[in-house]
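Pulled from TrEMBL:
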- 178-208: repeat 'PPR' (REPEAT)
- 209-239: repeat 'PPR' (REPEAT)
- 240-274: repeat 'PPR' (REPEAT)
- 310-340: repeat 'PPR' (REPEAT)
- 341-371: repeat 'PPR' (REPEAT)
- 372-406: repeat 'PPR' (REPEAT)
- 407-441: repeat 'PPR' (REPEAT)
- 442-476: repeat 'PPR' (REPEAT)
- 539-573: repeat 'PPR' (REPEAT)
- 574-604: repeat 'PPR' (REPEAT)
- 605-639: repeat 'PPR' (REPEAT)
- 742-776: repeat 'PPR' (REPEAT)
Amino acid sequence: MSVPMPMPFTADLNLTALCRAGRLKEAVQILLTTNKPPVDSYTYVQLLQTCISKKALSQGEKIHSHISQTGFQLATHKLLQNTIISMYDKCGCLVDARQVFDQMTERDIHSWNIIIAAYRRHGFPHKSLTLFHQMQGTGIQPDQFTFASILPACAKIRALEQGIDIHQSIIENGFLSDVVVTSALVDMYVKCGTIHKARELFDKMPQKNVFSWTAMIVGYAQNGVLDEALRLFKEIPQRDVVSWTAIIVGYAQNGFIEKALETYKHMQLAGINPNSTTLASILPACAKVGAVKKGMDIHQSIIKRGFLLDVIVVNALIDMYAKCGSICKARELFDKMAQRVVVSWNALIAGYVHNGVLDEALRLFEEMPQRNVVSWTAIIAGYVQNGFVEKAFEIFKQMQLAGVKPNSTTFASILPACAKMGVVERGMDIHQRIIECGFMSDVIVMNALIDMYAKCGSTHKARELFDKMSQRDMASWTAMIAGYAKNGFVNETLRLFKEMPHRDVVSWNALIVGYAQNGSVEKAVEAFKQMQLSGVKPDSITFSSVLPACAKLGALEQGVDIHRNIIESGCLSDAVVANSLVDMYAKCGSIHKAREQFEKMPKKNVQSWTVMIAGYAQNGFSRDALKLFEVMKHSGIYPDHVSFACVLLACSHAGLVYEGCTYFNTISDSYCIMPTIDHYVCMVDLLGRAGYLEETLKFIIKMPIKPVVAVWTCLFGACRAHKNIGLGVFTATLVFELDPQNTATYVLLSNIYAEMGRWGEAQMVRRLMKDRGIKKIPGCSWIEGHKIVHAFCVGDRSYP
């Protein structure tokens, strides 16, 4: 005789049906009005799982309250207790989840797994590890779900030693054959920087899933081993959006921007739709090369795919438009955002800073509901980059008074202000603050400190810091070498170079860059020759560093030789090298050769066009510069703020006032680019050269940006050319206030007085120079003959 199974209560059936239909609120309402008979634990579980899927916290809280009020024996139903913990976790209430967990009289492995995963998911990996060890202390053995959850916690905080211990535990518990666990192990080793160990595990896996392949590809990409990442990517049986994104990010982060954009295109052709991570990764690549047209196409794709509500994607869009100079478009997006986070504000502030619109950056900064260290640092960096170092120190002080602790980027931004002023005492104060904040082990901060001390003339202090560094990168060596080069310590420069651990292309680059960055261009070219004689092959960084040195020297013959080296090395396809080559030919006066190289470039970015336009402008071919600018626009390349500065320069040199004014208005009206201080300087130069001195002064007064020294020196030069002594004296006074050490202005003012026959005033200016310890820097020019550059300076009698 068969025993009949008990039928569930009618209330349970109704509630289950409503849950399956997605009518959660009705189900909870019925539950709250049902007194008897009470529902069973499985119905409660189904209700709570529906709350989890709908993220319905308020309904979950009502169900939990009902369980407590009806006297349900919760302690005897572990599954229900675990589901309550999971509901609070998935609905964002970690504190309530932990409270339920702590109230449990008896816990099973599932209880521990849920709470360990909850802490990791909510951004508390350290706590997850603590709970993992507590669980082991109770005698409960971890299962595959525990391991798959705790390994990402190790990866998050790079806890390699604990990860290795967990690896051993996985072997002991027999879970190494579990593909999910082993994939998590691979990912942990990758993120802890042990790429060889990750690959060893990966190769031994009898079965691999998409996650294990992707983890390995991401690992190689993030560590700059792109060839291996690409090899694995081609071997992967099934590529998903994550693996495609990993390759795109790898290319972008390692400077292969064109490759990143190309891979993004191939991904779409393969029928893979980008996700928010892909879009947030490819937009910075557009920003790096100023590819605003490509960025606008991606913007359209974002709209079509419904990602315009994703805050991370919109922030990347704002950043892209701002860095491409379309600050108005960036502001438009910002203003339309329904929800702004601190990152949104910071992206736009950084955009205004990047475009030199400091007043607007500061206005937005003051409107911020909540400022963080990134916001403060953006403003500080903006003032330093634009030469307002005193204002930068003032903001730095305000930041600390506001209780915001500087980070490594803050220190790396404020230290160059000390270097620009040459005031080592201020740098020493910041050095002390760095020690207090615990950043003396930060390589970037240490490099900035070395650079500051060297530029302030304290090379001994710079070397002391350099010697104490436990870890150095190329920038560390370059900063110290550059410091010696700048201060004229030739022997020390070479001695330090010889001390470098590896005399490879990286060390030679450090020497060449060190010389080039500090004006020792002859030594930079000489170092390049020695590098070749030593048998070390130059790379793209070498070429892009030595070509500007040739350009500065006017060393055309040596530049031609380097051009041959570039072809032999296969670096001509590198956009930066190709642009440097065009720039070298143009600055050496070989404009036809520059144009020839420009035309040979298979892919031209906005920088390529801009370099060629600048070449025409600097060599007096203004009409050709403007014609090329129009061709650039029609070819689909969007000009950036540098392109417009070159166009305005061309108009200025040719006296094309009407055309210059038209282009200036086009900057904001047609391209949504906020004119920067460079554009205003060009306009002052354009109007001043043409003799419109009064109009130029009115233009300066109406500028929305605070005038810098360059604005007034341009007007001052125009006053001298057009013999307007009254305005010239007024302008010179303003220059002296902003830059008391501006030698050229003292000399020019003295010359103006002399040309007008006012010898007393001329003598007074010369006396003022003497009193202030200002010396006229002798003029110097270079002439190349038989691949040797000869320098001719005023007063030098060594040449007949």
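Quick reminder: no glycine exception, Cβ is built from N, Cα and C everywhere.
TrEMBL: automatically predicted annotations, no manual curation.
For the repeat 'PPR' (442-476), the model gives a mean pLDDT of 91. With a cut-off of 8 Å between Cβ atoms, the residues of this chain six or more beyond the repeat 'PPR' (240-274) that come close are 210, 213-214, 217-218, 220-222, 224, 226, 229-230, 233, 281-282, 284-286, 288-289, 291, 294, 301, 305, 575, 603, 605. Long-range contacts of the repeat 'PPR' (209-239) within its own chain (CB-CB distance under 8 A, at least 6 residues past either end) are made by residues 179-180, 182-183, 186-187, 189-191, 193, 195, 198-199, 202, 246-247, 249-251, 253-254, 256, 270, 272. Only residues 6 or more beyond the boundaries of the repeat 'PPR' (605-639), in the same chain, are considered here, and those with a CB under 8 A from a CB of the stretch are 258, 289-293, 296, 324, 326, 575, 578-579, 582-583, 585-587, 589, 591, 594-595, 598, 646-647, 649-651, 653-654, 656, 659, 671.
Residues of the same chain lying 6 or more positions beyond the ends of the repeat 'PPR' (341-371) and with a Cβ under 8 Å from any Cβ of it are 311-312, 314-315, 318-319, 321-323, 325, 327, 330-331, 334, 378-379, 381-383, 385-386, 388, 402, 404, 641, 673-674, 676-678, 704-706.
In the repeat 'PPR' (407-441), helix, strand and coil residues by DSSP number 28 helix, 0 strand, 7 coil.
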